[in-house]
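The next block holds one structure in the form of structure tokens; read it before the comments.
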Amino acid sequence: MEMKLKVIFLCCILHLAAAQLRNGFYSNSCPQAESIVQQVVQKKFSTDRSITAALLRMHFHDCFVRGCDASILIDSTKSKSSEKDAGPNLTVRGFELIDDAKRNLEAACPSTVSCADIITLATGDAVALAGGPGYNVSTGRRDGLVSDSSEVNLPGPSLSISDAARFFTAKGLTLNDMVVLLGAHTVGVAHCGFFRDRLSNFQGTGKPDPTMDPALAATLLKTCGTQSRPLSRDPTVFLDQNTSFILDNQFYNQIRSKRGILQIDQELALDSLSAPLASRLAANNDLFRQSFVNAMMKMGSVEVLVGNAGEIRKNCRIFNKPGGRA
């Protein structure tokens, strides 16, 4: 009973914080804030369409550790390793885009727009540029004062659906939210090291993972090599082999055809907990688009700092206050 009350109390606190986010938070203090971020994202997207996947990943990795507070942006110091240098975050990219947006915002409206809001706004802009749904991003987040690599604990690519779902429910998200958010993999890539075990000697069988299309496994084997004889580099491959730069529902059609690259992606189409929704999303792109917007807005509200909590960083890589810890 005591534990249940604690969970209810935590949920109430989270909902109260999220409720303080709103559309147009900077309409008076920095009216051009959203357009400044959008211009930076458009410029980057014009030369690198993969920035959509990079920002989606950054946003997810940030929100799942201490909430959406831009703690992933903090650089490590000689004495402390920040989230940025934790194993799962070593391949996160897009930091320079956030720096560019922050620099332009500081020139227009000093110490006004948080780095946490910049990540969220930039991600929304990148989703729309990739053909995904446009949506109004609520703002008003503040930046965190702690960034510790030891606190980074994210769901891995080989987890079962039920195990992965526990990470999401711990953040106030549902199983359905997880199924929809993993649809962001439609514009994603993965290093071979995350799935090479599926290609030739799955679980010690000497054969590929039987849930992967044999033709796809053979193609990926040429790119990635085997577990015993990996290539000297660690190449990346598209997680959606069809519309790799378009944010649409084709990812779900791919996994229903046994063409999921990551094990957790393929499990979405096989596990009884997730398969029904994955099938509906595969059949209805409009359903995916609306569901994706709803799930992104929920994720962007996870454990946010608002009001006088945290700070508004002047440089997204460094804490303002001496009390900040990295």
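In case you wondered, yes, glycine gets a Cβ from its N, Cα and C as well.
The disulfide bond recorded by TrEMBL for Cys68 reaches one of Cys30, Cys63; that cysteine is Cys63.
Of the listed cysteines (Cys115, Cys224), only Cys224 is recorded by TrEMBL as the disulfide partner of Cys192. Comparing CA positions across the recorded positions Cys109, Thr186, Cys192, Cys224, Cys316, the one lying closest to Cys68 (disulfide bond) turns out to be Cys316. Taking the binding-site residues Thr186, Thr243 in turn, the residue surrounded by the fewest other Cβ atoms inside 10 Å of its Cβ turns out to be Thr243. On a Cα basis, Thr186 (Ca(2+) 2 binding site) lies 29 Å away from Cys316 (disulfide bond). Candidate recorded positions: Cys30, Cys109, His185, Cys192, Cys224. Nearest to Thr243 (Ca(2+) 2 binding site) by Cα distance: His185.
Comparing the Cα of Asp248 (Ca(2+) 2 binding site) with the Cα of every entry in Cys109, Cys115, His185, Cys224, these being the recorded positions, the smallest distance points to His185.
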